[in-house]
Amino acid sequence: MSLDLDGLALAPELADVMQRLSIVGARLQRLIARNGIDQDLAAARGTNAGGDGQKALDVMADAAYMEALKGSAVAFYASEEEDEILTLGPGTLALAVDPLDGSSNIDVNVSIGTIFSIFPAADTAEASFLRPAREQIAGGYMIFGPQCALVVTFGDGVHHWILDPDTGRFERQPDFAPIPKDTSEFAINASNKRHWPAPIRAYVDDLIAGEEGPRGRNFNMRWIASLVAETHRILRRGGVFLYPGDSRKGYERGRLRHVYECAPIAFVIEQAGGRATDGVHPILDQAPDSLHARTPFVFGTAPKVKRIAHYYDSPEVAAAMPDEHLMP
Ligand SMILES: O=P(O)(O)OC[C@H]1O[C@](O)(COP(=O)(O)O)[C@@H](O)[C@@H]1O
Ligand SMILES: [Mg+2]
Ligand SMILES: [Mg+2]
């Protein structure tokens, strides 16, 4: 057993899937640590269904998870790297995965990861995933960086393990505390500013105006270009992440995918007392219309995410709202 699940009272088939995911995660961490010694994990390998360039590690991670889940309770396997949903066998679960998130960071030694979402299997493969994200029974990620960590919610708080590289075991840590509310960090790819919708531009302009602006205080910006790394930071110290839809061709619904990126991250963030929306409406209340559907994605400290939604009504009013009026 590489993962200590004592006390979580998981159904045996779900516990078995978590063990299998963690074993692949520990293997990927070792593989990534040897990138450049054994092979080039960032080598181009073609394009996936979403039209994104695939790298060697994208393809290897996808194959490793798919292989590891054969014989498990996972009947339907959906992946960023697979055009269609695959049927692995009889089973009671459906699993969606972004096998390797943050691919642009594979060859620059920056944290990358895996994002996964688990539903009860429905009658068909499509029905198992094209459904309100609130029906997930598990959502989480593994992050491969200075540490390898597993973060997952089963709807009962946000659980956390850190891989001990000496033993290959994931050691259970205290559950994540509620997301801090007083952090002044925001994460957005500011190079796309000219393409953003007006409310997002107004919100970010007010942050950048700092203490001379309507918010009356200074803010700090981060952009790692690894969703798992941004999520891990926000879980730990608060803040807000935005990847809005924009006017670039193909980015009308943003860049991030509902099924295997936004839905599981939204589940974790809400379970940690935060909020996750498409800018206005909670992600967990939405059902995607296709497997690789994109969605605008805003998540983090709840009052910040609520304030952003108010910018779609009136930027002036939203900028002046005291944080305490926006508390969940
Ligand atoms: O390169 P951009 O446009 O800043 O987008 C960065 C975002 O794209 C992603 O890398 C997309 O994920 P993949 O690497 O799995 O395609 C996110 O991890 C990250 O938040
Ligand atoms: Mg991704
Ligand atoms: Mg990916």
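Backbone N, Cα and C define each Cβ position, glycine as well.
Note that TrEMBL annotation is computational and uncurated.
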Check TrEMBL: it lists Asp98, Leu100 as binding Mg(2+) 1. Then name which of Glu67, Glu80, Glu81, Glu126 it lists for that same site.
Glu80
Listed in TrEMBL for the Mg(2+) 2 site shared with Asp98, Asp101, one of Glu252, Glu261, Glu270, Glu316:
Glu261
Is Gly102 (substrate binding site) helix, strand or coil when read with DSSP?
coil
Asp98 (Mg(2+) 1 binding site): which of the binding-site residues Ser104, Asn189, Glu261 is the nearest Cα neighbour?
Glu261
Determine which residues of this chain, when Asp98, Asp101, Glu261 are set aside, have a Cβ within 8 Å of the centroid of the Mg(2+) 2 site's Cβ atoms, and list them as they appear in the sequence.
Glu80, Gly102, Gly113, Thr114, Ile115, Tyr141, Leu227, Val228, Leu256, Arg257, Tyr260
In terms of DSSP three-state secondary structure, what is the assignment for Glu261 (Mg(2+) 2 binding site)?
helix
Can you give me the residues near the recorded Mg(2+) 1 site, meaning same chain, not Glu80, Asp98, Leu100 themselves, Cβ no more than 8 Å from the center of the site's Cβ atoms?
Asp58, Ala61, Asp62, Ser79, Glu81, Val97, Pro99, Asp101, Ser103, Thr114, Ile115, Tyr260, Glu261
May I have the list of same-chain residues other than Asp101, Gly102, Ser103, Ser104, Asn189 whose Cβ is within 8 Å of the Cβ centroid of the recorded substrate site, in sequence order?
Asn105, Ile112, Ala225, Ser226, Leu227
Pop the Cα-Cα gap between Glu261 (Mg(2+) 2 binding site) and Gly102 (substrate binding site) into the table, whole Å please.
11
